[in-house]
Amino acid sequence: MLIFWTITLFLLGAAKGKEVCYEDLGCFSDTEPWGGTAIRPLKILPWSPEKIGTRFLLYTNENPNNFQILLLSDPSTIEASNFQMDRKTRFIIHGFIDKGDESWVTDMCKKLFEVEEVNCICVDWKKGSQATYTQAANNVRVVGAQVAQMLDILLTEYSYPPSKVHLIGHSLGAHVAGEAGSKTPGLSRITGLDPVEASFESTPEEVRLDPSDADFVDVIHTDAAPLIPFLGFGTNQQMGHLDFFPNGGESMPGCKKNALSQIVDLDGIWAGTRDFVACNHLRSYKYYLESILNPDGFAAYPCTSYKSFESDKCFPCPDQGCPQMGHYADKFAGRTSEEQQKFFLNTGEASNFARWRYGVSITLSGRTATGQIKVALFGNKGNTHQYSIFRGILKPGSTHSYEFDAKLDVGTIEKVKFLWNNNVINPTLPKVGATKITVQKGEEKTVYNFCSEDTVREDTLLTLTPC
C-alpha cells in the first residue's frame, strides 16, 4: 500500500504543470493546451521578456531609414517619437530564426511609405526566435503579450484605438499576432503570412491564429505541404476569414526543394540554408511586398480546391467580386459574412509576381488539321505574348476554351491575334482560322467578342477585330 501511494503521489507531481509570471504580461503555464498534448508533447515555458529582448522599432514617412525605439517601460518614448496619432499603424512581426531590424521587415515599411502615410513598427524578437524551434514556439506567447501591452499603452495613454492597427506576422510571427489579437478587443486586422504548422496546426484557437483574433483576418499559405515528408513549414489549416492559396499553397513557381534537406532536424534547418530550403515559406511575405504597389494584380478566386481552379471551374469572379491577396485584401472585408473561405490564384516565378487572369473561347473555321492554337491579347495598356489555348485535332466549328494568367493588365481589349501550327510538314497546306474569339477578364463581367472570316496557313498571324 505504501508503494502504491508513493507511485500515485509521484505521478500527480509529474502531472502538475509549472507556471511563470511576468509583471504586466500575466502568467504562462506549460499545461494543456500549451504542453503535454499530442501536438505539443514537451512542456516548455516561454523565456522571460528580458531574455527574449523584444524591441519595437518605429519607422515613419519622416524617418524611413532610421528607426526610433519605443519602450514598454517608458511610454514617453512614443510621444517623443515621430508616431502620428492621425495615421494607421502597421506592426510587422518576423518569424523563426529571423530579425526585425533589417531585411524584408524594413523593406516592407519602405514599400508602405510609397503608398500611404503610416506608423510602421517592426517587432524585433530575434533573440527569442533564434532558439530551438520548440522554445521559439513557446516564446510566441510572451512576444504576443508584449505587442498587446504596447497596444494597451497606445489606447490608455494616448487614446489611440486598436481599430487603427494592423498586425502583419510571418511564420511564427503570425501566431504572435494572433496571441496579441486575442488580448486586444477591437483590433482591426491581422495578416498571417504562411503561419507555421508545427506546434500550432489543429490546436485550440487560444494557441494559434484564428478569425476571432481581429475584426478581419487574412492568411496567405505558400508552404502548406505536410511537414513530414515534404518539409512544408506552413499550415494547410484555414485560420482566417479569407485564406489565400497562391499556386495551390504548397509549391511556389521558382522554388525547388533539395531532397537531402528533408533529413535535417527542424531546430537547425535554417542555419546557412534558410533562403534555399525555405523558399516556399518566404514567398508569402514577398507576395505581400509586391502587392503593396500592385492594387489589382493578385485577384483571388473562390474555389473548393486548386484542382478545380486549374480546371477552369472557378472563373470568372462571382457577383460579390474577388478579393486581392495581400495588402488590399481588407477592401473585401464586409462583403461576405463567412469565415474560412478558400481563394486561389497563380503568380509569376520570380519578382513581378502579379498576374491577371483571362478566359478565352475560340470557335475554329477552315480545314481540319492537327496542331495547336494560340492567341495574344492587345489592349489600350499593352499586349500579352502568345498563349497556347488548345492542342489536338482542329476541326471547323469546334470551340475550345482556356484560362491563362497574363503578366500585365492589357486594359480595354481592342483586338486579338490568332496563330496555329503543328511543326509537321503538311503538303496540302491547310488553312485554319477563328470565326469568333470571346475574351473575359476574370474580375469583370464584360465579355469581348472578336470575329474574322479569314483563314491562314500555319505560323501566320490572323488579326480578329471587335464584332
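Cβ coordinates are placed from backbone N, Cα and C, and glycine is handled just like the others.
Between C317 and the candidates C303, C322, Swiss-Prot records the disulphide pairing with C322. Among C27, C109, the one Swiss-Prot lists as the disulfide partner of C120 is C109. Other Cβ atoms within 10 Å of the Cβ of D194 (active site, charge relay system), summed over all protein chains shown, number 30. Among the recorded positions listed (C120, D194, R208, C255, C303), D194 has its Cα nearest to the Cα of H281 (active site, charge relay system). Between the candidate binding-site residues, E205, D210, the densest Cβ environment within 10 Å is the one around D210. Here the candidates are the recorded positions D194, E205, R208, D210. The one whose C-alpha lies nearest to that of C467 (disulfide bond) is D194. Residue counts for the domain 'PLAT' (356-467) under DSSP, split into helix (H, G, I), strand (E, B) and coil, are 0 helix, 70 strand, 42 coil.
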